[in-house]
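Taken from TrEMBL, the feature divalent metal cation 1 binding site covers His24, His26, Glu170, Asp299. Residues or ranges marked as divalent metal cation 2 binding site in TrEMBL: Glu170, His202, His231.
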Amino acid sequence: MSSGKIQTVRGDVQPEVLGRTLTHEHLCMKFTHFYREPPKEIENNFNEGFTCSKIGYIRQFPYSSRYNLLLNDPDARDAVSSDVQLYKSLGGGSIVENTTLGLERDIGFYKRVSESTDVHIVAGTGHYIADLQSENTLRSTKEDLYNHMLEELTRGCVDYPSVKAGFMGEIASVWPLRDFESKAISAAGELQAQIGCGVSFHPHRDPEAPFEIIRLYAEAGGKVDKAVMSHLDRTLLDPAKLLEFSKLGSYCQFDLFGTEVSYYQLNVDTDMPSDAQRIVMIKQLVSEGKEDKILMSHDIHTKHRLTKMVRNSIGGMAAVACSSYMHKSTAYYAIFLVYAYPGKKPSARHWQFY
């Protein structure tokens with residue numbers, strides 16, 4: 001990898017040109033594996049695309065619309081391109097694209113969006129959960145997984161050889177961990193120790209999952225301070241558990257900003273927090289002096305969160321969320337600085353991809 005530089009889909013850049021960076025987004029992917037049947041009483045509202053009369057149902061049950069779960073059809077591509085342009089106009093500089101094998105990434109599309117908007121896009125490498133892998137891939141050894149990521153980081157992506165991945169992730173797992181997923185986590189740890197790049201992990205919705213992932217990764221040699229644990233805002237809801245995890249030294253990522261529906265179809269036994277509750281979680285870590293280990297994003301992975309579809313976008317955090325932080329306490333203001341002014345202190349922008 002290029003020492004001291006960020007590998008984007010348009011080539012290497014210096015870290016200081018990244019600007020405001022969203023560290024966990026998806027620009028093109030397929031999420032239909034996670035489809036959930038809607039309640040029988042309202043199932044006729046999910047058969048087609050979006051209309052004003054149906055969008056309320058889709059917001060409440062986003063995983064019950066197969067159309068909503070296709071972030072790779074022409075409607076989604078057009079809406080994503082528009083949102084990235086909006087993000088640029090609001091001061092956005094870079095996006096870390098977390099789609100890995102199993103979710104049907106499209107690096108060619110990422111590159112076209114980057115070229116048309118002048119937003120830096122960093123592509124990831126690695127594998128999503130075992131359930132989305134082919135039988136042949138599931139037979140991969142840890143060495144195979146290591147070599148696959150090494151190839152994409154140092155020579156070029158298998159599906160787009162002229163572009164190198166810039167980090168490992170999102171490397172995803174369920175709970176309990178499947179054998180394939182454990183191998184993928186360990187391979188990431190071994191490779192991180194060799195080439196020094198950043199790693200982003202997707203834990204399952206069990207509070208023990210982030211701890212086990214970091215344990216396996218660190219035992220394989222990975223540096224914990226080069227790892228990002230995603231989705232903590234829907235995983236570690238107990239303040240004591242969140243603080244305990246933060247002491248391990250990884251980046252703590254709150255990446256579901258904009259998700260304001262408490263009923264969580266993918267884990268109905270718990271409630272999805274609101275943005276206000278996410279800010280409280282972040283404030284807790286800031287008060288403990290961990291503001292340089294906090295990352296924020298939206299994890300856009302469905303159509304209904306795109307501006308052209310229903311006016312909720314990748315640009316939304318820059319336009320709305322940061323302004324709300326300014327009305328909070330000093331600790332909240334620190335988070336505003338972390339996101340909006342990465343050149344100031346405190347700053348969390350120095351999570352490096354190389």
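Every residue, even glycine, has its Cβ placed from backbone N, Cα and C.
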Check: For His231 (divalent metal cation 2 binding site) and Asp299 (divalent metal cation 1 binding site), what Cα-Cα distance in Å is obtained after rounding to a whole number?
Finding: 9
Next item on the list: For each of the binding-site residues (His202, His231), count the other CB atoms lying within 10 A of its CB, then report the residue with the highest count.
Entry: His202
Margin query: Give me the sequence-ordered set of same-chain residues, not including Glu170, His202, His231, with a C-beta within 8 angstroms of the centroid of the divalent metal cation 2 site's C-beta atoms.
Written below: His24, Asn98, Gly169, Ala172, Ser200, Phe201, Pro203, Ser230, Asp255, Asp299
Next item on the list: Identify which of the binding-site residues His24, His26 has its Cβ surrounded by the largest number of other Cβ atoms within 10 Å, counting every protein chain shown.
Entry: His24
Margin query: Please report the Cα separation of Asp299 (divalent metal cation 1 binding site) and His202 (divalent metal cation 2 binding site) in Å, rounded to an integer.
Written below: 11
Check: At the Cα level, what's the spacing in Å between His26 (divalent metal cation 1 binding site) and His202 (divalent metal cation 2 binding site), rounded?
Finding: 13
Next item on the list: Enter the number of other CB atoms within 10 angstroms of the CB of Asp299 (divalent metal cation 1 binding site).
Entry: 25
Margin query: Neighbour count, 10 Å Cβ-Cβ cut-off, for Glu170 (divalent metal cation 1 binding site): what number do you get?
Written below: 29
Next item on the list: Measure from the CA atom of His202 (divalent metal cation 2 binding site) to the CA atom of Glu170 (divalent metal cation 1 binding site) and give the result in Å, rounded to a whole number.
Entry: 6
Notebook entry, point to check: Do you know offhand how many angstrom separate His202 (divalent metal cation 2 binding site) and His24 (divalent metal cation 1 binding site) by C-alpha?
Noted result: 10
